[in-house]
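Inspection log for the structure reproduced underneath, given as structure tokens.
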Amino acid sequence: MEVDELECLPRLPRVAVCGGTHGNELSGVYLVRELLKMEKKVTKEEEEERVSVVMVLSNPRAMLQCRRYVDTDLNRCFTRATLNGPVSDVAPYEITRALELNRMLGPKGSPAAVDLVCDLHNTTANMGLCLIAYSDCDWICLHIFKHLQREMPDVPIRFIHFDVSSKESYSLDSVGKHGFAMEIGPQPHGVVRSNVYTAMRVGVQNMLDWVRFFNSGTIFEGGFVEVFSMVKHIDYPRDRETRTITAAIHPQLQDRDFCLLHPGDPLFQTFSGETLPYKGKEPLYPFFINECAYYEKGIALSLARKRRVMIPSIRVQTEQEQESYVQEFTSEEEE
């Protein structure tokens, strides 16, 4: 693909900004509450600019209890199988809530789905601001990422790619035609830090500004961006019988998210003081290092490869181009 290739993409008239998918990740909770206070003023501006923004507090019960979830992780409930499967009267709360959100913002994979979902999250890991998406060729998401990097030079901003199919994609952002999680840390769960909240607020505002620029016909130039593609997760060392952890992240690795980890580098330090090295065959980039919420998932950290991805220049489609796209999209879904 040539850098100067121009892609014409559909308008983005409907955007969803979601917070509280995890009820104890408070930057998104407080930001969406603040945006809801400003809803009348924002709506008037957006009507003039042909974009509608819906603000969603995703998991209200978990928010009330300041817990990640009530029964099960809401951000793992949006696979096609879960959304299309039978639901009993005793289903976990988050399953029924996922179906409600899918009706509100989707249905997932349909022409009726919102055009872009930005789902707000916090991490206890030292990751700065990350956009996490299932595609490394969604030009909308990658151009938003490039825009944030340009507009927020003092904040480390990275793009993480999870190579998961649309059928198996499991998080709330997968309900939209385009979507990503905006993950910002470090911030303890159940706590809101002003600097982290501010970075999220500015990131969301720049994202919405980009959408308005795009819808108004601005041409965005292509180029290269760096993408971290997830390779694997690593669990903590565990006792074979009790399955309790026997080591913590090594002090030399703690807080060094996205710093290259080489074979032989310190990885864990056992509770008796022994250093356990990284035994991988290639250098990889760690992230979500010692994330508090991942202890229950058996993840001490994740590892990624860094790649350069070439993205094309883009502009919004004309009305005629938009009609052709809708027909093609509908035909693909029917197949």
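Positions of Cβ are set from backbone N, Cα and C atoms, glycine also.
Keep in mind the model is a prediction, meaning the values are calculated, not measured.
Quick look at what TrEMBL annotates:
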type     : residues             : note
DOMAIN   : 12-209               : domain 'Succinylglutamate desuccinylase/Aspartoacylase catalytic'
BINDING  : His22, Glu25, His121 : Zn(2+) binding site
ACT_SITE : Glu183               : active site, proton donor/acceptor
DOMAIN   : 225-306              : domain 'AstE/AspA barrel-sandwich hybrid'
Request  = Measuring CB to CB from His121 (Zn(2+) binding site), give everything in the same chain under 8 Å that is also at least six residues away in sequence.
outcome  = Thr21, His22, Glu25, Gly28, Asn75, Ala181, Met182, Glu183, Ile184
Request  = Measure from the Cβ of His22 (Zn(2+) binding site) and count the other Cβ atoms within 10 Å, all protein chains considered.
outcome  = 25
The domain 'AstE/AspA barrel-sandwich hybrid' (225-306) - residue tally per DSSP class, helix then strand then coil = 3 helix, 34 strand, 45 coil
Key: Average pLDDT across the domain 'Succinylglutamate desuccinylase/Aspartoacylase catalytic' (12-209), rounded to a whole number   = 94
Remark   = Minimal Cβ count within 10 Å, across the recorded positions Glu25, Glu183, points to Glu183
